[in-house]
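As recorded in TrEMBL, the features of this protein are as follows:
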{"type": "TRANSMEM", "residues": "12-40", "note": "transmembrane segment"}
{"type": "TRANSMEM", "residues": "46-66", "note": "transmembrane segment"}
{"type": "TRANSMEM", "residues": "142-167", "note": "transmembrane segment"}
{"type": "TRANSMEM", "residues": "214-235", "note": "transmembrane segment"}
{"type": "TRANSMEM", "residues": "256-272", "note": "transmembrane segment"}
{"type": "TRANSMEM", "residues": "292-310", "note": "transmembrane segment"}
{"type": "TRANSMEM", "residues": "317-335", "note": "transmembrane segment"}
{"type": "TRANSMEM", "residues": "341-364", "note": "transmembrane segment"}
{"type": "TRANSMEM", "residues": "376-395", "note": "transmembrane segment"}
Amino acid sequence: MDKKKSAVYQEILFYGIAAILMGILVGALDALFGEVLILITQFREQHIAVLFPFLAVAGLAIVYVYQKFGKNSSKGMGLIFSAGNRQDEEIPKRLVPLVIAGTWLTHLFGGSAGREGVAVQIGATVGYTFGKKLPYQDSKKILLVAGMAAGFAGLFQTPMAATFFALEVLMVGMIEYRALFPAALSAFVASYTSHFLGLEKFSVDLNVAVPVDLLFAGKIVLLGIVFGAVGGLFAKLLKNAKGWLAQKIADPYRRILVVGVLLTIALFALHMGHYSGLGTNLISASFQEGTIYGYDWVLKLVLTIVTLAAGFQGGEVTPLFSIGASLGYWLAPLFGLPPELVAALGYASVFASATNTFIAPVFIGAEVFGYDTLPYFFAIVSVAYVFNSGHSIYAQEKSESDYLQ
């Protein structure tokens with residue numbers, strides 16, 4: 001074997017070892033983060049009246065800690081994208097405890113936010129740190145992508161979706177194939193690790209039978225347009241809300257205090273915390289024949305945007321799942337389709353539209369609802385992806401043209 005081939009195999013081996021170690025570490029961190037978040041959610045639901053009045057105070061604490069100790073950690077996912085796109089950014093290890101603690105506080109006191117962004121930041125930080133230790137070109141980017149996959153997979157236990165999410169999210173229309181092997185390996189290891197440590201996966205067995213004909217195809221197209229528009233709307237409003245609030249209330253302390261008080265009033269008045277937290281209550285209701293109001297998805301969308309725009313910590317993806325599922329459940333009778341089917345289609349396709357990704361949402365649908373439903377998800381995600389108007393919740397997401405300039 002010549003030296004060139006030997007060097008290639010050695011590089012693959014080192015990436016493989018790093019991916020396994022990262023998967024174990026990130027999976028364990030995800031399990032800790034996710035399990036504590038479940039306990040926090042249960043505690044909040046039992047003590048809503050006591051905890052809600054302190055949401056603004058929790059916000060002040062979050063801003064203070066980030067301002068005092070965070071350095072560039074406050075950029076959150078923006079920092080991950082900057083580092084992943086080879087910009088001169090360092091991802092400090094302190095980002096991990098800061099984003100975890102900030103998200104726990106946001107959820108404890110009733111903010112409407114997700115968790116995926118946190119898990120991805122955890123994984124990216126671990127991957128970036130590992131990458132700095134390897135002597136290979138672009139090792140920081142390759143292992144950052146692998147870490148993102150591990151973070152997503154460890155939390156949701158959907159390793160295929162996690163792999164492609166990490167590969168395609170940094171730049172629209174292009175996949176970082178060099179990171180495929182370590183990303184897939186770390187994703188599967190992280191998924192297994194978090195499951196082994198007790199974090200449960202959300203899944204639904206879709207027992208639905210619908211005639212696949214031209215009428216059904218037409219319904220899928222119309223639903224895809226609706227879900228695509230809603231996901232794109234979420235992304236656009238989130239970006240605009242962050243900019244508008246930063247302009248109107250420049251001081252981050254005052255901003256989070258004022259908005260925190262208004263959020264407390266709104267969340268308390270609107271069904272007593274029904275729209276706080278992840279939105280898993282809406283997801284459960286959508287698949288268990290619960291009560292879903294026609295305005296649930298609108299209020300969850302608005303309150304999540306306001307929570308995140310104010311400066312509270314958390315992700316967007318689980319709220320997007322809940323928005324899509326509750327909207328789909330409500331639309332199903334209008335289209336003459338099974339509610340659980342349309343809820344599942346909304347679950348995946350609103351996520352697709354808001355993140356401006358295609359392959360990952362298809363696999364989200366398959367891994368959560370069963371691979372026999374994959375053709376449905378491929379069809380509706382294709383439409384939603386086209387009709388999201390190019391928006392993304394990740395403002396730093398690059399397009400191919402950005403690299404060619």
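Counting begins at 1 with the first residue displayed.
Each Cβ is built from the backbone N, Cα and C atoms, and glycine gets one as well.
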Remark   = Lying 6 or more residues past either end of the transmembrane segment (341-364) yet within Cβ distance under 8 Å of it, the residues of that chain are 156, 158, 160-162, 164-165, 167-169, 172, 175, 204, 206, 208, 210, 220, 223-224, 227-232, 234-235, 283, 286-287, 316-317, 320-321, 323-329, 331-332, 335, 373-374, 376-378, 380-385, 387-388, 390-394, 397
Query = Between the stretches 142-167, 214-235, 256-272, 317-335, 376-395, which one has more Cβ pairs under 8 Å with the transmembrane segment (292-310) than any other?
reply = 317-335
Key: Distant-in-sequence neighbours of the transmembrane segment (12-40), which means Cβ under 8 A and at least six residues beyond its ends   = 96, 100, 103-104, 107-108, 115, 118-119, 122-123, 126-127, 130-131, 134, 136, 139, 142-143, 146-147, 150-151, 153-155, 181-183, 185-194, 196-199, 278
Query = Taking 3+ C-beta pairs under 8 angstroms (sequence gap of 6 or more) as contact, is the transmembrane segment (317-335) in contact with the transmembrane segment (214-235)?
reply = yes
Spatial neighbours of the transmembrane segment (214-235) far in sequence, C-beta under 8 Å, 6+ residues away = 297, 301, 304-305, 316, 320, 323-324, 327-328, 331, 335-337, 342, 345-346, 349-356, 376, 379-393
